[in-house]
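The structure follows.
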Amino acid sequence: MAALFGIKTTSSFFLVLCLTVIMFFTLSCFSADPDPLQDICVADLNSTIKINGYPCKPDSEVTSDDFFYSGLVDEASTDNPEGFGVKRGDVTTFPGLNTQGLTVNRAFLAPGGIIPLHVHPRASESNFVIKGLVLFGFITTDDVLYAKVMKPRELSIIPRGLVHFAVNVGKEKADLLAVFNSQLPGFANIPTNLFNSTPTIPDYILAKNFRVDEKIMAIIKSKFGPNSSLPTGTLKDM
């Protein structure tokens, strides 16, 4: 009976906290996206019209299914060099989020797995650990690192546009929710930005930035073939 009560308590806590985070990020004063000008604007992902966001699907084609999403139910594979996988809940997978200023992703980290150094240019990020021990950290523009190992039920905030990372420092797979105040927060994965861009950044420029020989830059670049470190379902798709 005690175990059953514990499960119910945990579930209730998780539900209340998730609702609190979602309500926080959907308030207009915290949204990074423009305010909506209508009640609903389900994204027409097939439209050829290019705007800041997505055009609205005609109201006559909108159904209840546009506002409910089960894409976060199953786990994502972590069978890749980073040991990281994600199930996305942004406007590209959940069109009902269009104009709502919200993304909810569910991320998984294998033991020792890492979410590489990256930034989200269009959103702040709040992380809620469901299971596991995860070291989260971000670096300010003054080169100050703020980091902490988070336990289940703990919440963090990553300010918009700052470089950050996450590492599973526990012995079991980590499971967490990442909530953004944008329907499409964007990302810039720093390792692939630097070493696998198209066209590539010249070695002498990278060598000058990192204060090393150009040969070292060539060796590092050889580790980053096209999408080699980012299988489907990782940061590349966030």
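Each Cβ is built from the backbone N, Cα and C atoms, and glycine gets one as well.
Annotation comment: TrEMBL describes Asn105, His120, Glu125 as oxalate binding site. What TrEMBL records for His118, His120, Glu125, His164 is Mn(2+) binding site. What TrEMBL lists as disulfide bond is Cys41-Cys56. Annotation comment: TrEMBL describes 70-218 as domain 'Cupin type-1'. Look at TrEMBL and you will find 1-31 tagged as signal peptide.
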Express the distance between the Cα positions of Cys41 (disulfide bond) and His120 (oxalate binding site) as a whole number of Å.
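The separation of the Cα atoms works out to 24 Å.
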Cβ within 8 angstroms of the Cβ centroid of His118, His120, Glu125, His164: which residues besides those meet this for the Mn(2+) site?
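Close Cβ neighbours, site residues excluded: Val119, Phe138, Ile158, Leu162, Val163, Pro185, Phe187.
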Tally every other Cβ atom lying within 10 Å of the Cβ atom of His164 (Mn(2+) binding site).
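A 10 Å sphere around the Cβ of His164 (Mn(2+) binding site) contains 22 other Cβ atoms.
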Just to verify a number: CA distance, Glu125 (oxalate binding site) to His164 (Mn(2+) binding site), in angstrom, no decimals.
10
Please report how many Å separate the Cα atom of His120 (oxalate binding site) from that of His164 (Mn(2+) binding site), as a whole number.
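Between the Cα atoms of His120 (oxalate binding site) and His164 (Mn(2+) binding site), the distance comes to 9 Å.
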Looking at the domain 'Cupin type-1' (70-218) alone, can you tell me the average pLDDT?
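Average per-residue pLDDT within the domain 'Cupin type-1' (70-218): 96.
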Cα-Cα, whole number of Å: His164 (Mn(2+) binding site) versus Cys56 (disulfide bond)?
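If we compare the Cα positions of His164 (Mn(2+) binding site) and Cys56 (disulfide bond), the gap is 33 Å.
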If you measure every Cα to Cα distance among Asn105, His120, Glu125, the residues said to bind oxalate, what is the biggest one in Å?
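Largest Cα to Cα distance for the oxalate-binding set is 13 Å.
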